[in-house]
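Swiss-Prot has this to say about the protein:
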TOPO_DOM  1-11  topological domain 'Virion surface'
TOPO_DOM  33-46  topological domain 'Intravirion'
TOPO_DOM  92-98  topological domain 'Intravirion'
TOPO_DOM  122-133  topological domain 'Virion surface'
TOPO_DOM  155-158  topological domain 'Intravirion'
TOPO_DOM  180-217  topological domain 'Virion surface'
TOPO_DOM  262-267  topological domain 'Virion surface'
TOPO_DOM  289-298  topological domain 'Intravirion'
TOPO_DOM  320-335  topological domain 'Virion surface'
TRANSMEM  12-32  transmembrane segment
TRANSMEM  47-67  transmembrane segment
TRANSMEM  71-91  transmembrane segment
TRANSMEM  99-121  transmembrane segment
TRANSMEM  134-154  transmembrane segment
TRANSMEM  159-179  transmembrane segment
TRANSMEM  218-238  transmembrane segment
TRANSMEM  241-261  transmembrane segment
TRANSMEM  268-288  transmembrane segment
TRANSMEM  299-319  transmembrane segment
TRANSMEM  336-356  transmembrane segment
Amino acid sequence: MFSCKQHLSLGACVFCLGLLASTPFIWCFVFANLLSLEIFSPWQTHVYRLGFPTACLMAVLWTLVPAKHAVRAVTPAIMLNIASALIFFSLRVYSTSTWVSAPCLFLANLPLLCLWPRLAIEIVYICPAIHQRFFELGLLLACTIFALSVVSRALEVSAVFMSPFFIFLALGSGSLAGARRNQIYTSGLERRRSIFCARGDHSVASLKETLHKCPWDLLAISALTVLVVCVMIVLHVHAEVFFGLSRYLPLFLCGAMASGGLYLGHSSIIACVMATLCTLSSVVVYFLHETLGPLGKTVLFISIFVYYFSGVAALSAAMRYKLKKFVNGPLVHLRVVYMCCFVFTFCEYLLVTFIKS
């Protein structure tokens with residue numbers, strides 16, 4: 001049994017790791033909303049808006065780096081992250097022309113920020129389920145704070161409102177070591193120690209073993225993703241569902257997707273129910289979008305994604321349970337979830353940019 005102090009300490013650490021894991025999405029969101037203006041800076045706008053799918057893809061690529069090399073990158077990464085954010089802060093305050101320097105700064109810092117979701121998730125999803133919820137809460141809260149800053153135009157008024165970004169980096173990077181030292185985490189890691197012929201210190205699931213253990217979960221997630229992508233295309237063309245949402249939807253997709261959803265009961269039943277609700281909501285929007293009005297149409301369209309997130313959360317939780325004996329089970333979860341984020345954010349970019357409703 002673990003003490004209450006250990007649980008509280010780990011809960012605080014993983015909450016801060018949630019704040020840290022949000023930083024690549026927040027970085028993209030801030031640039032896409034403050035510096036994107038298609039009339040005056042067309043190529044910069046495309047760079048910033050493509051940042052969301054790029055961040056998802058880079059987070060997946062970081063999972064291919066061995067753990068010991070990823071840990072060694074922490075100190076240089078955090079120093080460069082803070083330096084880049086300070087330079088951006090200075091440019092916003094003191095410079096009137098950022099049409100070249102800002103995109104270069106954005107592209108230089110983004111790959112390093114994408115290291116944090118890998119390091120955070122690798123720790124969090126070895127811990128008990130209650131601590132995983134603290135992580136997801138931290139990630140969702142961080143995304144919500146910056147979304148509200150943009151909605152209220154606070155970021156446009158003053159660069160001071162970038163300060164939470166520095167706080168997230170400082171708290172999160174400082175919590176990495178604390179979470180690793182916690183006895184609850186180390187005991188979870190111990191349960192994944194390899195026995196007999198497995199390579200390395202801990203059991204690692206190969207691609208073949210992952211496909212063998214979770215074929216139907218992966219197939220169901222793929223089917224749900226294809227369904228919602230088709231819904232996005234049809235509703236964009238016929239109902240103009242992205243009108244007024246294009247500024248906020250990528251952050252919502254990344255934040256809510258990575259944070260999971262509500263999942264109770266059997267994963268396959270939840271997935272079927274959520275797929276049915278997605279289909280029904282899309283049919284209502286398709287046929288009644290003029291009757292519903294802008295608000296009703298937007299609420300129903302967003303609810304389609306909420307249902308999808310809940311279905312995928314149930315399926316990914318089932319996958320994590322099947323891979324609980326393997327130390328790289330959390331990384332499999334990250335690859336699946338962030339590839340779904342990549343598909344949605346890239347699809348949203350293509351629809352809004354090239355396919356006019």
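Placement of Cβ uses the backbone N, Cα and C atoms for every residue, glycine included.
Not measured: the values here are computed from a predicted model.
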Cβ pairs under 8 Å between the transmembrane segment (159-179) and the transmembrane segment (336-356), at least three:
no
Cβ-based contact of the transmembrane segment (99-121) with the transmembrane segment (12-32), 3 or more pairs under 8 Å:
yes
How about the transmembrane segment (12-32) with the transmembrane segment (134-154) - do they touch, taking at least 3 C-beta pairs under 8 Å (6 or more apart in sequence) as contact?
yes
Does the transmembrane segment (47-67) come close to the transmembrane segment (336-356), meaning at least 3 CB pairs under 8 Å for residues 6 or more apart?
yes
Cβ-Cβ under 8 Å with the transmembrane segment (47-67): same-chain residues at least 6 beyond its ends:
24-25, 27-29, 31-32, 35-36, 103, 106-107, 110-111, 113-115, 117-118, 122, 250-251, 253-254, 331, 334-335, 338-339, 341-342, 345-346, 349, 353
Predicted model, mean pLDDT over the topological domain 'Virion surface' (122-133):
91
State the non-local partners of the transmembrane segment (218-238) in its own chain: residues 6+ outside its ends, Cβ under 8 Å from one of its Cβ atoms.
211, 268, 271, 274-275, 278-279, 282, 285-286, 289, 301, 304-305, 308, 311-312, 315-316, 319, 336, 340, 343-344, 347-348, 351-352, 355, 357
By DSSP, how many residues in the topological domain 'Intravirion' (289-298) are helix, how many strand, and how many coil?
10 helix, 0 strand, 0 coil
